[in-house]
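Shown next, in structure tokens, is the structure this report addresses.
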Amino acid sequence: MRKLIYLVSFLLAVVAALPAYVESSFLQTLVGTKSVGSIFAISSLLTIATFSFLPTQLKNWGLRRPLIIFSFFAIVATVQLAVSPSGYATLLAFVVFYSAGMIIRYLLDVLLEQYSDDRSTGSTRGLYMTAYNLAWLCSPFLVGRILEIYPERYSLIFFLTLPAMLLALIITIVALKEKDRKEFRLSSPLQAIKKLWRSSNKNDADVKKILAIDFLLHFFYAIMVVYSPIYLHEVIGLTWSQIGIIFTFMLLPFVLFELPLGRLADKYLGEKELLIASIILSAIATASIPLVSGQSLIVWGLILFLTRTGAAGIEIMKETYLFKKIDSQNADIIAVSRNNVPLAYLIGPLFATVFLAFLPLKFIFLAVALATLSSLFFANSLRDTR
């Protein structure tokens, strides 16, 4: 069953990854640069609203039913985005596509947890993330080549996700099975936050800090995924083919470094030291973006590679630390962590919308660097696990 979940995860990662770095440019053609953030914020708000009640309903609904329903919503939205790339219906379709994708990933995350043995959680999650990251690694180059042949045809990218989405839905209907629903002990993310906020336990204090770092990492992603393609294409003047090559190189750290860093933390250093080093590296590399004005693929590839090397380090360290501090009884805390994604994609684009009303686009990367650097406040006071 886990192999099927890995396969569905890969297919859905293809659906998410192919349009991810052109979504902002696609929306820019509909609403303009300054309003792009507002559309992402609305999409995230819908996701957060769904997350507020969905975890508490899984005992009644199970996992297959919502997986099928949200997959169907995603397919309908994708068809609209592919065949009619204009108008309010298309904006609504994007909101549904974005929100459904995040919810489907969460449901798969819970389904995988049902089939995970605590003794092999690391390898199980490692394979799951590898399947997910491989799709993200391949997509920028492919999208860049497509847009080089068909310039500005962003709707075509959405159309190409349909086969993967349909195959994932068929596998879900025919083959995916869930265990007893009575096993679910999920409270809402809000209830979990209240419980953590009121707790004076040192372990809970560490969990709060690592969740804060988790949010700031996703804030970094929210700004970089939306605005770096616009900046490179519109301001620097790179073609989509060039951007595809750069982004493919940029994403290599997630495939190359996460597993070795996790093992290094387990056996030698602990998470805290590597987490601090990763935060500093990512912040410095991000702050250097507005200082570069040329079109050298090597320079841009190196800068963005370093931003994601730091991000990959933060990602694996915060995941490792969090799951060492909690166990399977803390599914509500896992829900808080997963809810950080839409929350960051709500706050990040809203922040960017206000920011860009007063300052040029290049300065937003300095703001992101400062936000990333602020993670040190939480990381420095963590109690290391070694």
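Along the chain as shown, the residues are counted starting at 1.
Cβ atoms are placed via backbone N, Cα and C, with glycine included.
Just so you know, TrEMBL annotations are computer predictions that nobody has curated.
Straight from TrEMBL, the features:
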type     : residues : note
TRANSMEM : 35-54    : transmembrane segment
TRANSMEM : 66-83    : transmembrane segment
TRANSMEM : 89-108   : transmembrane segment
TRANSMEM : 129-150  : transmembrane segment
TRANSMEM : 156-176  : transmembrane segment
DOMAIN   : 207-386  : domain 'Major facilitator superfamily (MFS) profile'
TRANSMEM : 210-232  : transmembrane segment
TRANSMEM : 238-262  : transmembrane segment
TRANSMEM : 274-292  : transmembrane segment
TRANSMEM : 298-318  : transmembrane segment
TRANSMEM : 339-358  : transmembrane segment
TRANSMEM : 364-382  : transmembrane segment
Recorded stretch that, among 35-54, 66-83, 129-150, 274-292, 298-318, has the most CB pairs under 8 Å to the transmembrane segment (339-358): 35-54
Residues of the parent chain within Cβ reach of the transmembrane segment (210-232), under 8 Å, 6 or more residues beyond its termini: 20-25, 28, 33, 36-37, 40, 196, 238, 243, 246-247, 275, 282, 286, 289, 300, 304, 307, 311, 314-315, 318, 321-322, 325, 333, 336-337, 340-341, 343-345, 347-349, 351-352, 361-362, 364-365, 367-368, 371-372, 374-375, 378-379, 382
Cβ-based contact of the transmembrane segment (35-54) with the transmembrane segment (274-292), 3 or more pairs under 8 Å: no
Stretch in 66-83, 274-292, 364-382 most in contact with the transmembrane segment (298-318), if contact is a CB pair under 8 A: 274-292
Same-chain residue ranges lying at least 6 outside the transmembrane segment (274-292) that approach it to Cβ under 8 Å: 213, 220, 224, 228, 231, 261, 264-265, 299-300, 303-304, 306-314, 317-318, 321, 362-363, 365-366, 368-370, 372-373, 375-376, 379-380, 382
Long-range neighbours of the transmembrane segment (364-382), counting only residues six or more past its ends (CB under 8 A): 206, 209-210, 212-213, 216-217, 219-220, 223-224, 227-228, 231, 271-272, 275-276, 279-280, 282-284, 286-287, 289-290, 310, 314, 321, 351-352, 355-356
